[in-house]
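S.K.: In case it helps, TrEMBL gives these features for our protein:
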- 72-96: transmembrane segment (TRANSMEM)
- 222-286: region 'Disordered' (REGION)
- 491-511: transmembrane segment (TRANSMEM)
- 596-730: domain 'Guanylate cyclase' (DOMAIN)
- 797-895: region 'Disordered' (REGION)
- 857-866: compositional bias 'Polar residues' (COMPBIAS)
- 874-885: compositional bias 'Polar residues' (COMPBIAS)
- 886-895: compositional bias 'Basic and acidic residues' (COMPBIAS)
Amino acid sequence: MTDSAATDAMKAHRSKDFTMHIRSHSSGDFSMNDASGFSESIEPDSVNRKEQQRLRRETEQTLAVRENRAVVWLRFLVMFLLIAVAALVSAGVFVYTRAKEKDDFEDAFYIHADQVTDAFRSAVERKLVAIGSLANAITTYALDSGSEFPFVTVSNFAVRGSDVRVLSDSLVIHWCPVVTEEKRPAWENYTMENRFKINEGFSQDQQLTKVQDEYFPDFRRFDDEQPEEDGSGRRQLPQQHGLDAPADANVLQDGSGFRPRIWNPQKNRTAEPDGTGPYLPSWQRTPVNKGRQQLINLNFVHAKVFQGIDLLGTLMADPKVIINRISVPLPSFFQQVTANIKASQYRNKVDEYLEDPLSYLAYPVFDSFNVTTRKMAGALISNLYWRMYFQGVLPSNARGIICVLSNSFGQTFSYRLDGHDVTILGQGDYHDEKYSEMMAFQDVTAFVKGTASPETRGYLTVPLHPSFGLYTLRVYPSQDTEDEYRTNKPAVYTMAVVFIFFVTALVFIAFERCVQMRQEIVMSRAVHTGAIVNSLFPQEVQSRMYDAAEHQNQKRAKNVLRLGWLSREGLEAYCMDDSSRAGDGQPIADWYKDATVMFADLKGFTAWSADRTPHDVFHLLECLYNSFDAIAMKRKVFKVETIGDCYLAVCGVPNSNPKHAVVMTRFSNDCLTKMVEVVKSLASRLGPETKNLQLRVGLHSGPVTAGVLRGQRCRFQLFGDTVNTASRIETTGQGGRIHLSECTAEELRAFGKGSWLERRDTLVAAKGKGQLQTYWANVASSGNDSQSSGFMAFDENLDLSSNPFDVEPESQDPDTSTTKNLEEQICIPETAPMNSSPVIGPDLQSPHDRILAEPGSVQSALTNSVGEEHEGTPENTSEPENLTDTELRSHVVSV
């Protein structure tokens with residue numbers, strides 16, 4: 001085949017650029033000899049296949065672009081529909097539920113209003129019928145006994161009146177006959193002869209009250225608390241009677257307080273009226289208090305409770321029930337009012353009725369039962385506490401119903417009803433104006449008259465006066481009532497719709513970015529887990545922990561990588577490696593020849609913490625340990641563990657330090673100083689006993705074994721006899737002092753710090769060690785070579801501005817000729833030899849050795865690491881799937 005034929009065949013399948021490219025190479029580029037001598041020529045079929053593949057790819061790309069565009073438009077359409085539907089549904093749900101709540105609120109209020117008005121009407125009816133029964137009993141007694149009014153004294157009036165008081169919710173009932181001017185002398189003689197029957201009524205009341213109180217143990221008698229009679233034998237009466245008796249009142253001087261003549265209770269009237277009859281004197285009453293005869297002949301016509309009206313004239317002109325104006329007891333009469341309440345059936349509710357508004361009701365008593373010829377012979381005077389007409393009316397879930405009671409005397413009082421409870425708001429209209437349109441109104445007189453029937457009235461029950469003492473009742477809801485039905489459900493339902501849309505949108509977004517998010521999550525876990533491991537393990541130990549995973553099989557490595565090697569699961573998988581329990585893996589443990597271990601314990605902490613709350617105990621320990629940690633970071637000391645009030649640290653591990661004893665001694669001294677500052681600053685909050693706490697420090701130098709003990713709770717640990725000995729040194733030390741072993745003392749002498757040492761006078765008996773010679777460390781002050789005592793006896797007047805344990809400047813050390821900065825020399829890291837067989841100390845019996853057997857947990861520290869960002873994330877990172885297990889762990893160690 002010629003070149004021109006080949007060119008023509010390819011034109012049908014190639015683009016212009018590709019055709020030009022072929023022509024430019026047609027002079028010989030299509031035939032060449034390779035290094036093996038094989039002659040290769042480009043055949044037209046091969047070119048056609050490549051061109052087809054390219055066109056197929058272009059077609060696929062075009063289709064992909066179109067499909068992506070369609071998906072994008074579809075995505076926008078779905079999002080728009082979701083937003084539109086969410087807006088419509090949420091708006092509809094909100095409007096519907098809000099309207100439903102409003103309807104429920106209004107319906108419930110009108111039901112409660114009907115309950116209040118019906119109960120109020122029933123209470124008034126019940127009171128009229130009950131008092132009417134006592135009026136009929138008086139008429140019946142007079143007719144049966146042949147007594148002529150007003151000379152009627154009902155037998156067993158205390159018993160009869162007790163039942164009536166309970167049925168009518170009255171605290172007291174007075175029987176007052178009508179006495180004309182002609183019958184006044186005879187009446188006054190009658191009361192003088194029969195006044196002791198009032199004493200008999202008092203005795204009967206007392207006897208029956210005692211029996212009743214024994215039957216109802218929750219009630220108690222108040223006889224010892226009744227007000228005493230004054231020297232004149234006359235008892236001061238409550239405000240509603242206005243009993244400031246005039247000076248010319250004739251009181252019988254027998255100590256009974258009895259007045260033989262009819263008398264007026266007010267100062268501005270004649271004490272003993274003359275020629276002004278008829279009169280309405282008080283005679284019998286129920287209950288009878290300790291005043292006994294003091295109220296006899298009190299003329300109720302001029303009583304303050306009926307002031308401003310012609311009580312007797314109104315009753316005789318139209319004998320109907322009269323309810324007078326509302327009165328409120330004044331504080332100066334609280335003692336008398338309290339005595340009256342304590343004598344009644346409500347004797348255990350003095351505080352409830354003491355300041356409650358009340359009215360007085362006058363019910364006519366007739367001389368016969370003939371409705372055409374009967375005449376009024378007297379009246380029953382009863383008090384009426386309006387609170388009782390609202391109690392127990394509403395269900396327990398009703399809240400904030402406002403009842404406004406008004407009368408024809410121009411008075412208005414407001415009550416609040418919360419379930420069975422009633423609260424007097426005060427005089428005036430206290431309803432919320434925004435609920436005025438929802439008012440439920442009732443004219444009490446008209447309502448009682450309109451609903452009266454043989455089912456609610458007796459034969460001769462006297463109705464309310466149609467034109468005198470009219471009362472109206474208005475019922476309103478309040479904001480609290482509406483709040484019972486106005487809930488946040490509409491907003492909750494609306495937010496639920498929005499939340500559904502939000503979740504759906506998140507699903508779309510998550511689907512689009514799932515791959516990228518997976519990579520970000522993997523890298524974020526790697527970085528953050530590496531940071532957590534840095535805080536739990538030294539750097540050298542971290543590297544070896546990661547390298548140890550290379551010995552695991554490929555399947556385990558893939559599983560770990562799939563789970564996220566540097567996630568919480570990955571690190572726990574290493575710490576709980578089955579091979580370590582089976583003996584197949586190498587434990588990470590090293591032997592360090594030279595190190596100094598410090599045990600620090602709070603002396604007196606157990607007794608102190610017994611009297612403190614856990615919050616105070618942890619507050620003290622956090623303040624101390626945070627301070628010690630800051631010092632350890634500054635001194636390059638490695639903190640190993642804290643358990644309770646024990647603090648364990650080491651110098652020389654994991655980085656070797658030739659001056660480990662010097663560094664640790666200075667670190668201990670700094671901790672003693674900081675201990676004094678902290679307990680003094682916390683004494684005002686945690687108690688003065690806090691200042692008595694002292695830090696007891698023990699140091700010992702020698703070889704230790706350190707490493708990671710894999711298992712349920714993985715952490716860097718120390719083992720060996722040096723640790724045990726340091727614990728013994730600490731427990732035999734003293735509070736506020738640094739206790740050293742002989743080995744640590746030798747290390748200090750080797751570096752020219754022998755001046756710090758104070759030989760202990762006695763040998764120390766250490767368990768498992770026998771008798772040991774120990775030393776106290778007295779770090780020299782910064783200004784001279786004098787030695788401090790090394791004992792931090794706390795003084796409340798201690799001046800912390802001049803530290804008695806200031807660390808000696810590094811430039812004064814004897815060995816500073818070889819280095820400019822001793823701290824830099826101390827912190828030069830050295831690699832310690834590794835020993836695959838850990839050296840474990842023989843004795844772990846001291847209380848502080850428990851930290852060797854109970855390592856801390858890494859799991860709680862890793863719990864919150866998943867999915868968080870980290871500031872140290874490197875910019876150039878490899879794909880985790882493209883890294884080997886070793887490379888991935890090496891990457892995190894570098895981070």
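Even glycines carry a Cβ here, placed using N, Cα and C.
Heads up, TrEMBL stuff is auto-annotated, nobody curated it.
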S.K.: Using Cβ atoms and a strict cutoff of less than 8 Å, what residues sit near the transmembrane segment (72-96) while being 6 or more residues removed from its termini?
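M.R.: 490-491, 493-494, 497-498, 500-501, 504-505, 508.
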S.K.: For the transmembrane segment (491-511), could you work out the same-chain residues 6 or more beyond its ends whose Cβ comes under 8 Å from its Cβ atoms?
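M.R.: Sequence-distant neighbours of the transmembrane segment (491-511): 75, 78-79, 82-83, 85-86, 89-91, 93-94, 97, 517.
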S.K.: Could you please provide the mean pLDDT value for the domain 'Guanylate cyclase' (596-730)?
M.R.: 91
S.K.: So, by DSSP, how many helix, strand and coil residues make up the domain 'Guanylate cyclase' (596-730)?
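M.R.: So the domain 'Guanylate cyclase' (596-730) is made up of 70 helix, 39 strand, 26 coil.
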